[in-house]
Amino acid sequence: MTDTKTPTLDRVAGPADLRSMSDTELRNVADELRAEVVEAVSQTGGHLGSSLGVVELSVAIHAVFDTPRDKLVWDVGHQCYPHKILTGRRKQMPTLRQGGGISGFTKRSESEYDPFGAAHSSTSISAALGFTISRDMGQPTGDAVAVIGDGSISAGMAYEAMNNAGHEGRRMFVILNDNEMSIAPPVGAMSSYLSSLSELSRAGPFGGLVAIAEGMEQLAPKPVRDGARRARELVTGLENRGTFFEELGFDYIGPIDGHDMAQLLSVLRGAKARATGPVLIHCCTVKGKGYAPAEGSADKYHGVSKFDVGTGVQAKAKANAPSYTAVFGDALTTLAEEDPSVVAVTAAMPSGTGVDRMAKRFPNRVFDVGIAEQHGVTFAAAMAATGLKPFCAIYSTFLQRGYDQIVHDVALQGLPVRFAIDRAGLVGADGATHAGSFDIGYLGALPGMVVMAAADEAELVHMVATAGAHNDGPIAFRYPRGNGTGVPLPETGRVLEIGKGRMIREGDGEVAILSLGTLLSDCEAAARILEAEGINATIADARFAKPLDMALIANLVQTHKALITVEQGAMAGFGAMVLQSMAAEGLLDLGCKVRTMCLPDRFIDQAAPAEMYRDAGLDTMGIVEQVTRVLGRDLKVVTLNAKRR
């Protein structure tokens, strides 16, 4: 991707090349880098806005610090594309977030410049402190630098880390990338605090750098100048007129213009030269900086599909069915219209989970708690204790962050919190870090928990209604990313009988396939292929991973030679619960062969979801092959491969 449009960037094979450049040349690198990021993401899709906001910061950090010996930790990693280009992965950018390509996040196995993987928020300061302790204990590492956004710093883990870092008092650097914009606008008191800075701190060894920041403010573009003015109000507000960060033991520098290369270099060089303990540098940036369509968009082009660089118009395939997220949001809104006790809780993902649809109709009954899943779960539990009906809508991968609260505050007390688990299963371009692989197992282990999985979007509508009617304890329902199957949607949901599955297709007694979730359509497709080969399979939709429909399972075992379970989850999930329950009931002694199909015992890297499930053996032909193996049939490999294509 090198051409005459990027003469200065072409000279950068790695960060060491930046350190021999003049400040003017570094400015040129940033300008060329920004254009290249836009061009690269236009071809692959990805997290554009956040990456454009840290172009100058990425160049400046690598120019000042001795990476990879100095450890640079990006929080979340949405903003890491400039970093990847600067650290030897420029030629690989066309493979960004593609199967077999480079990750959309930092990843230890990908580069020595990625010392710590990222994707979930608010981990960077903890990791940086760990590297700092390692340095001080004689390990071959230098300074540690954490870059964290104003959304991520709102999470409790960030404060736990800052509290510990302040107590340790060791030399490390935290750069607060303050753009007032994560996926959704940051919420909570800390966001307000960051938005109300009024006076710069001039005490301590960094007084001169603070003065530089203040002097440069008037020269900054209006968005940054306004951000700096807003940010300066952070510093007072405590009785001794120190910042919140200073109270935690950090030296505070800022706010500075995160797009002014001269200012960034001056402050970073000065901080590196003078720091003896933990330092927080507060940078004001503009998400989507330098690309007009991104700067003018409400979400600043946080996550985009492929797009036209000239117009910014994204190429999105026309959907034949609504997304599962949209179906959930609409079903929840309908339920809320009927039942005033229904409320919704989300953790900084109102649009991602679909609860923004309910918020438009009932803004006072939808609560965005910020990046705070632990708090959100307990918050919902207390509302359930008073008779409200909270729907806690959180992605499967992020619900893991609140597991202790699910156990201690919800399940142990038998409180009827409704967990709407979006992005269940494999999710595509975001890869292993965002896969919803484990919720069946970690929720199914809890006494009193009901766990459902929707086979299609119509079933999801019924499960929303079922959750709304369930008051005997916690209940969860899972559904995947992406669009539904196109089945007709009911106007209102039907309350399902707890723990009862359904027969989909009656076979001839050779093999039964018990499906949980949206792989039901693959099971049906597999049955059609098998029928052409003389195998007439029975198919059932379990609907519930817990409690299991033991009457259905017993019937399948007693009337078939083989039973295969299919799920979009990890080991120790649905199949394991079926086997354990069969063992307890003596059903394993009846001679029916039992096989389980689940995700393999490894993390699966990014690719299109269909490719990921094919890799896992959880697609139509994977099911066909499992059936033929268990029955001892010898379908020709040529036939199977032809059907797979």
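If you go along the chain as it appears here, the first residue is 1 and each next one adds 1.
Each Cβ is built from the backbone N, Cα and C atoms, and glycine gets one as well.
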Exercise. According to Swiss-Prot, His78, Ala119, His120, Ser121, Gly151, Ser152, Asn179, Tyr291 bind thiamine diphosphate; which of Glu373, Glu457, Glu459 is also listed for that site?
Worked result: Glu373
Exercise. For which of the residue intervals 1-20, 221-240, 241-260 does Swiss-Prot record region 'Disordered'?
Worked result: 1-20
For this session: Could you list the residues of the same chain, at least six apart in sequence, whose Cβ is under 8 A from the Cβ of His120 (thiamine diphosphate binding site)?
Result: Val76, Thr397, Phe398, Arg401, Thr433
Exercise. Hey, what's the Cβ neighbour count for His78 (thiamine diphosphate binding site) at 10 Å?
Worked result: 26
Seminar exercise, completed: Same-chain residues at least 6 positions away from Glu373 (thiamine diphosphate binding site) with a Cβ under 8 Å from its Cβ, in sequence order, are Ala347, Ile394, Phe398, Leu399, Arg401, Gly402, Gln405
Seminar exercise, completed: The number of other Cβ atoms within 10 Å of the Cβ of Asp150 (Mg(2+) binding site), counted over all protein chains shown, is 23
For this session: Have a look around Gly151 (thiamine diphosphate binding site) and count the other CB atoms within 10 A of its CB, chains all included.
Result: 28
Problem set entry | Conformational class of Glu373 (thiamine diphosphate binding site) under the three-state DSSP mapping | helix
